[in-house]
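*Asks:* Structure incoming, see below.
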Amino acid sequence: MSVQEYLDKHMLSRKLEDAVNAAVRAKTSDPVLFISNHMRKSVQSVITKIKARQILDSRGIPTVEVDLHTNKGVFRASVPSGNSSGMYEAVELRDGDKGVYLGNGVSKAVKNINDKISEALIGMDPTLQSQIDQAMIDLDKTEKKGELGVNAILAVSIAACKAGAAEKEVPLYKHIADMSGKTTPTLPVPAFTVISGGKHAGSTLAIQEIMILPIGASKFEEALRMGTETYHHLKAVITEKTGAHNCNVGEDGGYAPNISSFKEALDLVKEAIGRSGYNEKIKIALDVSATNFCIGKRYDLDFQSQKAGQNFKTAEDMIELYKELCSEYPIVSIEDPFDKEDWEHIKHVSSLGICQVVGDDLLMSNAKRIERAITESACNALLLKVNQVGTVTEVIEVVKQAKEAHWGVVTSHRCGETVDSFIADLSVGLASGVIKAGAPCRGERLEKYNQLLRIEEELGDQAVYAGDDWRQ
């Protein structure tokens, strides 16, 4: 084939002429670079290669990382993992070989990406997120993604989402907002974990997390400063009252003082807020995670101490406790106040209107569980964990489901995190109102908060912080 025949076959003469004309109109000072970029943009992006590998999460447990290649670049994503795995959430694929990473290896999931998913997706347009996600769902053929593994499917889905944003030449959060139909990306209120208990720490505190929400901040940058200052004040309070040895941190960066009393822990946080000078601007949220200490139909508040089995509370006792706590402290949200199958008492505490009631273990980000909770008025907010769902498309749909019911939405990290900041862009693009990404401590947590700083800076005067509208 001659040079002229090659040019004619690929219409290169016309494309080059268009690029030169564009360079002239732009009056560029570097025409070669301009023409090169223009030619590159004229080629439709397609997925050309997908390569997965096993990496470690923040707990030193294996997880999946993916590099998705297009003819425009390489886009990386890694997936988080949690302690809990309920029967209603998508299924991670683990190797099960106890001699390697104690059975937690993910080489099977990695192989599924490199051999099966890669073959199915090569040649697809990365901007067609729903088609990419559906192709993986069809390939898996199971309700909970157990054949390929949700850790495999989600990693590729997130990487494709990043590639799609790059092809459209828009920020990731804008791409997500476009796919979800949102017109105003919104910076979320950060729910900073300041005290860790339950299964996230080695303390005797039954509840899993005490969080602070800088609702009164005027922008995200200010919220981050308020939360961080309060976190450091809390360290000083804990040191003064219980000793520096109680300032060790849990898996998500919250302090883990060896106390068992809900009120004692809340008093520490309340004093730290007072010292920071933000009494009117910072509210408190609890993640009770009551399923972890529900024995039969009663709740063992000392389940992590030597007094285990001696301090049981009935569901009615717990309701009275929550009412008391909400009257004494600026608590605006309680997550999983009862066992995940105790619909009766969750409905009752929601009906009291004392605070927002968030479903985590109750819902597992599962569309059918969410629909039941909406129908029965069981709670009024969704804790969104992307790896419980499985694909970006399905995540967008469950958020729409919650929003249409006028619920709050809390975009959440997992205890086993990576440095991937995807959920920061997701929370902005979906305008979720709140992001729960741990303490202002530990790199994998701060990566999310730092990305939100970058997004707010990029939006400039157009940036909107959820603030008092955190539930909308």
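The backbone N, Cα and C atoms fix where each Cβ goes, glycine too.
These numbers come from a predicted model, not from an experiment.
Residues or ranges marked as domain 'Enolase N-terminal' by TrEMBL: 47-176. Residues or ranges marked as domain 'Enolase C-terminal TIM barrel' in TrEMBL: 184-472. The active site, proton donor annotation in TrEMBL covers ASP252. Per TrEMBL, the feature Mg(2+) binding site maps to ASP287, GLU335, ASP360. Summarising the annotation, TrEMBL assigns active site, proton acceptor to LYS385.
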*Asks:* Could you name the residues, excluding ASP287, GLU335, ASP360, of the same chain that surround the Mg(2+) site, i.e. Cβ within 8 Å of the Cβ centre of those residues, in sequence order?
*Replies:* GLN208, GLU209, LEU286, VAL288, SER289, ILE334, ASP336, VAL358, ASP361, LEU383
*Asks:* Once near-sequence residues are set aside, which residues in the chain of ASP360 (Mg(2+) binding site), 6 or more away, have Cβ atoms under 8 Å from its Cβ?
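*Replies:* For ASP360 (Mg(2+) binding site), the qualifying residues are ASP287, SER289, GLU335, ASP336, LEU383, LYS385, SER412.
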*Asks:* Taking the Cβ of the residue listed as 'active site, proton acceptor' as the centre, count every other Cβ atom within 10 Å, in any protein chain shown.
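*Replies:* Other Cβ atoms found within 10 Å: 24.
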*Asks:* When DSSP states are grouped into helix, strand and coil, how many residues of the domain 'Enolase N-terminal' (47-176) land in each?
*Replies:* 54 helix, 26 strand, 50 coil
*Asks:* Over all shown protein chains, what is the count of other CB atoms within 10 A of the CB belonging to ASP287 (Mg(2+) binding site)?
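*Replies:* A 10 Å sphere around the Cβ of ASP287 (Mg(2+) binding site) contains 28 other Cβ atoms.
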